[in-house]
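J.: Following this message is one structure expressed as structure tokens.
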Amino acid sequence: MKNNGGTRVVVIGTGFVGASYAFALMNQGIADEIVLIDANESKAIGDAMDFNHGKVFAPKPADIWHGDYDDCRDADLVVICAGANQKPGETRLDLVDKNIAIFRSIVESVMASGFQGLFLVATNPVDILTYATWKFSGLPHERVIGSGTILDTARFRFLLGEYFSVAPQNVHAYIIGEHGDTELPVWSQADIGGVPIRKLVESKGEEAQKELERIFVNVRDAAYQIIEKKGATYYGIAMGLARVTRAILHNENAILTVSAYLDGPYGERDVYIGVPAVINRNGIREVIEIELNDDEKNRFHHSAATLKSVLARFFTR
């Protein structure tokens, strides 16, 4: 049972991403209870000890401990960060065979506890594994969320802000689609201070247009670059997961680019994919269908088709 009647988050998988996410939760005071579960129990025990030793410095100290699947029964949110890691040269979709089996075991164990909360999935390929979590759990699709393109969108806003010398918080631009090689930028709706980004570069000539495309390529390929340099990405996605968690637990109705189930929006059905969605205490309140130009529509449908072709190997649809 919950110790204080507050919010409980269970983190499954305390590798680089899971531990960084728990650290972000502690530092931002987002949850009242944080439970760490890992196949390597010793790692989870050590992480819990380490976090507790720093609790005195936290803005809102949480109760944090290593636990087991029974702790999911009273959880508001279960965040899955477990699974095989992406190696140099691997695409996110290369991981699917390894991680589907892992996820079946995890999700069935969570549901056996009597869990009635929300799932947030971070493991790659995140769109595929979010769909798998929905299927394995039997929960309504609005209560199963993937991290989607939240980090890609953050990278996009950062690089555009750097290029235009403005704070990334004031850049309004989205990356949608698969969290992976077929994702796309929505240039037609991107703006800074209400001024379309395409208009901002009109007077700067062809080289400025090429620079925008280079910015997107750097966003799309950022994970490959980071993995090559340091072996894994974890700080950025951990902060993105913390942002989604805050939107859920604080009932914010925040619009974030997560992996959401589509059943009509954007002309797609039966697929989880990165799109802007309203996030609150109940999960995904609604998908925001932004207007796309013809090229963006075609690229989005291609991205969805790529995901569906992978899903067809594992699920009858």
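The backbone N, Cα and C atoms fix where each Cβ goes, glycine too.
The NAD(+) binding site annotation in Swiss-Prot covers V17, D38, K43, Y69, G83, A84, S105, A122, T123, N124, S147, and the record cites sequence analysis as its basis. Feature annotation from Swiss-Prot assigns substrate binding site to Q86, R92, N124, P125, V126, D127, D152, T153, A154, R155, T233. Residues or ranges marked as beta-D-fructose 1,6-bisphosphate binding site in Swiss-Prot: R157, H172. The feature active site, proton acceptor is assigned by Swiss-Prot to H179. According to Swiss-Prot, the feature phosphotyrosine maps to Y224, an assignment based on sequence analysis.
How about a rundown of where these features are and what they're close to?
T.: Neighbour list (S105 (NAD(+) binding site), Cβ cut-off 8 Å, at least 6 residues apart, same chain): empty.
Using a 10 Å radius centred on the Cβ of D152 (substrate binding site) and all shown protein chains, the other Cβ atoms total 29.
R157 (beta-D-fructose 1,6-bisphosphate binding site) is surrounded by 23 other CB atoms, counting those within 10 A of its CB over all protein chains shown.
Look at H179 (active site, proton acceptor): DSSP puts it in coil.
Of all Cβ atoms in the shown protein chains, 16 besides its own fall within 10 Å of the Cβ of Y224 (phosphotyrosine).
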J.: Fill in the CA-CA distance, S147 (NAD(+) binding site) to V126 (substrate binding site), as an integer in Å.
T.: 7
J.: On a count of neighbouring CB atoms within 10 A, which of the recorded positions K43, H172, H179 is highest?
T.: H179
J.: Of the binding-site residues D152, A154, H172, T233, which one sits closest to T123 (NAD(+) binding site) when you measure Cα to Cα?
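T.: Nearest by Cα distance to T123 (NAD(+) binding site): T233.
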J.: Want to know which binding-site residues, from K43, V126, D152, are within 10 Å of Y224 (phosphotyrosine) at Cα; which are they?
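T.: None, since no candidate lies within 10 Å.
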J.: Measure from the CA atom of H179 (active site, proton acceptor) to the CA atom of T233 (substrate binding site) and give the result in Å, rounded to a whole number.
T.: 14
J.: Looking only at DSSP and grouping its letters into three states, which state does N124 (substrate binding site) belong to?
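T.: Looking at the DSSP assignment, N124 (substrate binding site) belongs to neither helix nor strand, so coil.
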J.: Give me the non-local Cβ neighbours of V17 (NAD(+) binding site): same chain, 6+ apart in sequence, Cβ-Cβ under 8 Å, ordered along the sequence.
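T.: The answer is C81, A122, T123, A232, Y234, I237, A238, L241.
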